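K.L.:
Features from TrEMBL:
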type	residues	note
DOMAIN	6-74	domain 'Inhibitor I9'
DOMAIN	98-499	domain 'Peptidase S8/S53'
ACT_SITE	D106	active site, charge relay system
ACT_SITE	H161	active site, charge relay system
ACT_SITE	S459	active site, charge relay system
DOMAIN	571-672	domain 'Subtilisin-like protease fibronectin type-III'
Amino acid sequence: MGSLPSQLEYTPTSHHMSILQEVTGESSMEGLLVRSYKRSFNGFAARLTESERQRVAEMEGVVSVFPNKKLQLQTTASWDFMGLKEGTNTKRNLAIESDTIIGMIDTGIWPESESFSDKGFGPPPKKWKGVCSGGKNFTCNNKLIGARDYTSEGVRDRDGHGTHTASTAAGNAVANTSFFGIGNGTARGGVPASRIAAYKVCSETECTSASVLAAFDDAIADGVDLISISIGGRYPNRYENDTISIGAFHAMAKGILTVHAAGNSPTLPTPARIVSVAPWILTVGASNTNREFITKVVLGNGKTLGRSVNAFDLKGKMYPLVFEDYLTKGKILVSRYPFSAEAAVASIFRDDYEYYADVSSTPFSLLPPDEFDSLVSYINCTKSPQGSVLKTESIFNQTAPTIASFSARGPNTIAVDLLKPDVTAPGVEILAAYSPLSQPASEGIDKRRVNYSVLSGTSMACPHVAGVAAYIKTFHPEWSPSVIQSAIMTTTWPMNANTTVLTSTDVLAPTEFASGAGHVDPIAALNPGLVYELTKSDHIAFLCGLNYTSKTLQLIAGEAVTCSGETLPRNLNYPSMSAQISKTNSSFTVTFKRTVTNLGTPNSTYKSKIVLNRGSKLSAKVSPSVLSFKRVNEKQSFTVTVSGNNLNRKQPSSANLMWSDGTHNVRSVIVVYTDDYRSP
């Protein structure tokens, strides 16, 4: 993939073709030029040999050439849990909400879903400049106002992922929805009156970065207000090599906020796996809600264990239990490791780290290690062990919200002094619309088809925050992406850092590297009091502080950029504060410089307070400690100086800076960690 600087009086496609003709010697570009980006930024995707790639990279005017990569999908009571109640129970600005357009970059959408019906909707907003190019037998409407395909499959969702995320963000309120009776209720998005534009970048086999960049290019030009993307790589990439970062930068420059899933860890939570690491992106981790799905395993001795999403009903009938025995016909298989056993009546597996319910194509339940060990003991100590797997039921989870074990953790390896993720949101056991073309079970052969299903992942958390951002924008349409992001980050619920996820091999503390600023609070974010504003030039200064060259900066920004002066990345005017300290420094002192803008009331005075977390021994001083504002939109600057010694390399040291005027409580997370940080 190549990228060129923007120029006046320039015809992108013809120029791209001439470049390819020069390096390949071919007169025909058929099969070579994959895509030209010409609406919101300038670049192209092409099929090149390694020598041809090098020749393109050396040409004058070419900023960078990088490979097209395959990306991954980052895979309702949740809105009630967050405080956005149904109907008139929540304050709404419906006229503006109906004028708000969310661009969903994903696997497509199921246009016939009730979640996307346009009953009661007027025509699309006048600002909409997009199209409906959904493919054969695909029709848009006044709710689903746009569709573009980058896969040659058509925009119709064959996976279910895109339909699920779109309905979570902005789906209509649809009563009496459930997954085979599980989670019965009204499924709805955060902003049901808003419009949706679907950009399909994932085929049945892959999601490519070339398609993602093209979708950003179109979405920006089409006139969307927000972009939600629950796709990412396996590992973080430098900004100039990450098409999501590049596309989101151009979106930010046009006043469009991009909300992005933090990523999922496939096994035990691992440090530095977070894939969304740019400051101009709102990065979302996953946490649970107060609704939990439990599938009970009833043993012959009357003991009850278990969890999963099991829509099958054995009606309490008891069957023989066998432990890791392949001869399972007419029996319930109990195993430490999931494997296919089609002859088994049901399966019970050990769950070492997921701690969330999953959908299976056969009756099954997952047991945490202690319950699984209890079950194995029962089998070994009982002459004829029997049991049954019951249908899933919902229970109230008193400990929510807690971080999901799969939610990707920091620290940020691309910009070590920038804390990621930014916030968390519901991403565990989320019921939302689904594609009837896709089986609901994540593994095995499942012949069932559903219109609503249960999924878990940071993919599910991301559209929740996109919906929150859209909700805020309906009351404050003039707010910039950074103001919305700041309002969300500084009004969160603090997560319980003492809550741990116990596994058979480890204890994993959900620190700020998992939770960021905390769990989103949509209602509080409407009135944040103070905000941390950022502009395009601030982000460029941040990149200059990372020692990016002018050539590399040009790739990201799309224009010639010259760095002037020295800017420390940790002094980016970000709502959180983070610093990496050398392990060789037994004692340290770091300073953060910040500026806040008053969006509260005139003639207000904010007093600062530092609250240490988890027995942290940091010392922090705020100067000045009191900020007085005479008018709205007035700016005031301050400095936070943090010192300490002998940091724990297994846990970041953290604190909270609170600014309060008696009405607003503006909270910023402060994190300091060593450069040899390792999770316990």
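Keep in mind that glycine also has a Cβ here, set from the backbone N, Cα and C atoms.
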K.L.:
By a simple count, how many Cβ atoms lie within 10 Å of the Cβ of D106 (active site, charge relay system), its own Cβ left out?
P.N.:
29
K.L.:
Provide the number of Cβ atoms within 10 Å of the Cβ of S459 (active site, charge relay system), excluding the reference atom itself.
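P.N.:
That number is 31.
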K.L.:
Between the Cα atoms of D106 (active site, charge relay system) and S459 (active site, charge relay system), what distance do you get, rounded to the nearest Å?
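P.N.:
For D106 (active site, charge relay system) versus S459 (active site, charge relay system), the Cα atoms are 10 Å apart.
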K.L.:
Could you give me the DSSP helix, strand and coil counts for the domain 'Subtilisin-like protease fibronectin type-III' (571-672)?
P.N.:
1 helix, 62 strand, 39 coil
K.L.:
I'd like the Cβ neighbour count for H161 (active site, charge relay system), meaning other Cβ atoms within 10 Å of its Cβ, all protein chains included.
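P.N.:
Result for H161 (active site, charge relay system): 26 neighbouring Cβ atoms inside 10 Å.
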K.L.:
From the Cα of S459 (active site, charge relay system) across to the Cα of H161 (active site, charge relay system), what is the distance in angstrom?
P.N.:
8
K.L.:
Find the average pLDDT over the domain 'Peptidase S8/S53' (98-499) in the predicted model and report it.
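P.N.:
The predicted confidence over the domain 'Peptidase S8/S53' (98-499), as a mean pLDDT, is 92.
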